[in-house]
Amino acid sequence: VGFKAGVKDYKLTYYTPDYETKDTDILAAFRVTPQPGVPPEEAGAAVAAESSTGTWTTVWTDGLTSLDRYKGRCYHIEPVAGEETQFIAYVAYPLDLFEEGSVTNMFTSIVGNVFGFKALRALRLEDLRIPTAYTKTFQGPPHGIQVERDKLNKYGRPLLGCTIKPKLGLSAKNYGRAVYECLRGGLDFTKDDENVNSQPFMRWRDRFLFCAEAIYKAQAETGEIKGHYLNATAGTCEDMMKRAVFARELGVPIVMHDYLTGGFTANTTLAHYCRDNGLLLHIHRAMHAVIDRQKNHGMHFRVLAKALRMSGGDHIHAGTVVGKLEGEREITLGFVDLLRDDFIEKDRSRGIYFTQDWVSLPGVLPVASGGIHVWHMPALTEIFGDDSVLQFGGGTLGHPWGNAPGAVANRVALEACVQARNEGRDLAREDNEIIREASKWSPELAAACEIWKEIKFEF
């Protein structure tokens, strides 16, 4: 017959330890936990096969193509220290397997069916190396860090934001009032909560109008450029675009999208619109923990972050290192650099499995948000540096005197930390001292210091 039917060992075809990776290959590092009795080579090869050209049996149509050209290859297997049952499998995928400019297609292949594969107990995608040839097919962030600073005329410090709470239930006018007070007090941005879309108590068009009014009023009074992340996420792409278009007509600087619940296709569409129309795009990562929280299954957030930089977004939530949500410092800083920098060296201590060259794709500002308040300011300034957005929701609106004084307290604390850093002081060592000193000159900050001095989220 010319072809040998039957089930075959994956490792005969897909495990190639002597393969030299090409500059154009997409490389993946998987943490594999095979079922008992499945050898690492077979499991690694199975992952490569199922996420590229393979199927469970030999098919005669294999003869109509060149498998060697199109197959994924497991080219290296390394043990995981302290874990008998796990190992890291490195897989190389030829560039031709993927549609240009489609994060959706990339993920459908690499993290598609293979995650339900019976021979594996669990599978986690730890990192991806995106080759420059593939990166160049993406537009990436609509504007990037430098353009954003120029548009907003804000330099030399992190930007300040605040999520408007209570997240659900306010009327549009009261919502706009809260926005105005925060911006008037000294914040750069306020934010729609990720679950604020267009509900019965507040339809999107009303919210957009009142928020725009708040922005213009605050700008006129402070002489600073202000923004509010208007959440354009919707049930259909058409509705999402309608909201983005209305935001542009109002002349506001920034809109927002929930990229995981909204989906990468919708996100890339919105990002293209934002670049063409001068809107900044703030990205919220609702649902990420469903995908990235388990240590042995799913995918690490650094992969979702890389995917977002390709799909497009100017801000993305990236954990705080200090607040109420999870995140280890070195690992977090690893993917924060992957978002901001142009070239990132492989560094396993920070969870970075591959050297990544973004070939001047614009950078994304990491957003620290979730359970942070004025006492965290020195640590945040030190950890995240200037190119970041620090978001205090409850840490602004929870101020005993109201929203505007809460905003004042945060702005004073931030300016004090930036000044101390510029004078060469050690923020890590003198953190509380810097805040205490500043609070002598700012009753708003003093009140904030008093109310949050005991708060800790430690479990």
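Glycine is treated like the rest: Cβ placed from N, Cα and C.
Secondary structure from DSSP puts K4 (N6,N6,N6-trimethyllysine) in coil. The feature N6,N6,N6-trimethyllysine is assigned by Swiss-Prot to K4, with sequence analysis given as support.
Other Cβ atoms within 10 Å of the Cβ of S369 (substrate binding site), summed over all protein chains shown, number 25. What Swiss-Prot lists as substrate binding site is N113, T163, K167, R285, H317, S369.
The active site, proton acceptor annotation in Swiss-Prot covers K165 (among others) and rests on sequence analysis. Sequence-distant contacts (6 or more apart, same chain, Cβ under 8 Å) of K165 (active site, proton acceptor) comprise D193, G393, G394, L397.
In this view, E194 (Mg(2+) binding site) is surrounded by 21 other Cβ atoms within 10 Å of its Cβ, with every protein chain counted. Sequence annotations record features per position, and here Swiss-Prot assigns Mg(2+) binding site to K191, D193, E194 based on sequence analysis.
Among the features that Swiss-Prot reports, active site, proton acceptor is placed at H284 (among others), with the record citing sequence analysis. A simple way to gauge crowding: the CB of H284 (active site, proton acceptor) has 28 other CB atoms within 10 angstroms, across all the protein chains here. DSSP classifies H284 (active site, proton acceptor) as strand under the three-state reduction.
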Any idea of the Cα spread of the substrate site, N113, T163, K167, R285, H317, S369, as a max distance in Å? 37
Out of K167, E194, H317, which of these binding-site residues is nearest K4 (N6,N6,N6-trimethyllysine) by C-alpha distance? H317
Mind giving me a neighbour count for H317 (substrate binding site)? Other Cβ atoms within 10 Å of its Cβ, every protein chain shown. 22
Which residue, of the binding-site residues N113, T163, has its CB surrounded by the fewest other CB atoms within 10 A? N113
Please name which of the recorded positions listed here, K191, E194, H284, is nearest in space to N113 (substrate binding site), Cα against Cα. H284
Set of same-chain residues at least 6 away whose C-beta sits under 8 angstroms from K167 (substrate binding site): D193, N195, V196
Looking at the recorded positions K4, K191, R285, the one with the fewest other Cβ atoms inside 10 Å is K4
S369 (substrate binding site) to H284 (active site, proton acceptor) - Cα separation in whole Å: 10
